[in-house]
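Structure first, commentary second.
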Amino acid sequence: MTGSKMLFACLALIAFLHPLVHVASAQECTTPNNKAGKCLGIRVCKPLLEMLQTQGHAAADFLRQSVCKYENNNPIVCCPNEESREDRGILVGNEYEPLRPPHCGFSNVSHTRVVGGKPAVLGAWPWIAALGFRYPRNPALEPLWKCGGSLISSRHVLTAAHCAEINELYVVRIGDLNLVRNDDGAHPVQIEIESKIIHPDYISGVTKHDIAILKLVEEVPFSEYVYPICLPVEDNLRNNNFERYYPFVAGWGSLAHHGPGSDDLMEVQVPVISNTECKNSYARFAAAHVTDTVLCAGYTQGGKDACQGDSGGPLMLPKKFTFYQIGVVSYGHKCAAAGYPGVYTRVTSYLDDFILPAMQ
């Protein structure tokens, strides 16, 4: 059995196991390495989050053994006390691999059906990244935020190639809610980009292979409001065309065609349509390439879609209590124009040949 399959099997068993740590009371516990701790939600346990972000799959067995219990399918783990934190680096490993539930894709917010675009609430999309660009004539100014992305590991952000190819792109901000206010309760992380990995077959100005990965200069510290999204690596997701599903898209893009970007993080839910229907919609546009490497989502009547500034952001599918990224915002006609769905790079088409190798 491969390492990935072993990990998946290991995590799948957690829900059926009794707690593996010794729990002395409702709060106190003993960690797998015999340190005193308290049972907390994994999203607020900094030592285990640090282990997860730096050691990835290598941390899986220790994390599995740290489970105290589950509450509403959310793992409660034995979090070491402050004096025990020097022992957190127990495991070895520095490869960045796709994380699996429950270590990704968890949102603090219950998402009901969104029938129209609306502002997101704090903690709803902890993996959403705003991409920052330098002003060519005045690099000292604050970044210009004009593309989106998603955190997929502690060092990698997934985005669109047509965003990554711009020379002025240099920084990402993750976990923000309002890009200009500091009183929104968010605690965003802003980290510069070390390198850009653009799909080798992408050609500037052409809509094919519109996908890229940004490697950051340092680890992103996971927290309650900064957390990665899951990639659709399981077979039941890889082999799904997602037609008639209603995924979410979120970003700080324009609210109208050629309008200014939104300061507030906005979200909308859109239905995935067939590629045949999508191809017919874009038949008169020679530059539109609707192939099996993209998926399309939107309403026939228009009015709800990703827009300028949302480019590179994630199309997010909820499965039970976990969100998976199934698309990357690529292009559309105007902004939520009637008869023209949004076109997204299909993540499952690029997992093995591009995304996973680029994360190593």
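Glycine residues also receive a Cβ, built from the backbone N, Cα and C atoms like all the rest.
The shown structure was predicted, so the numbers you read here are calculated from the model rather than taken from an experiment.
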Swiss-Prot annotation, disulfide partner among CYS45, CYS68, CYS104 for CYS79:
CYS45
Swiss-Prot pairs CYS78 with one of CYS10, CYS29 in a disulfide bond, so which one is it?
CYS29
Can you give me the Cα-Cα distance between CYS39 (disulfide bond) and SER311 (active site, charge relay system) in Å, rounded to a whole number?
40
Nearest to CYS278 (disulfide bond) by Cα, among ASP176, ASN178, ASP184, SER311 (recorded positions)?
SER311
From the Cα of ASP210 (active site, charge relay system) across to the Cα of CYS104 (disulfide bond), what is the distance in angstrom?
24
Please report how many Å separate the Cα atom of CYS163 (disulfide bond) from that of SER311 (active site, charge relay system), as a whole number.
7
From the centroid of the CB atoms of ASP176, ASN178, ARG181, ASP184, the recorded Ca(2+) site, which same-chain residues not already listed sit within 8 A by their CB, in sequence order?
LEU177, LEU179, VAL180, ASN182, ASP183, ALA186, ASP263, ASP264, LEU265
For CYS29 (disulfide bond) and SER311 (active site, charge relay system), determine the Cα separation and express it in whole Å.
45
Quick one: Cα separation, CYS45 (disulfide bond) versus CYS78 (disulfide bond), in Å?
9
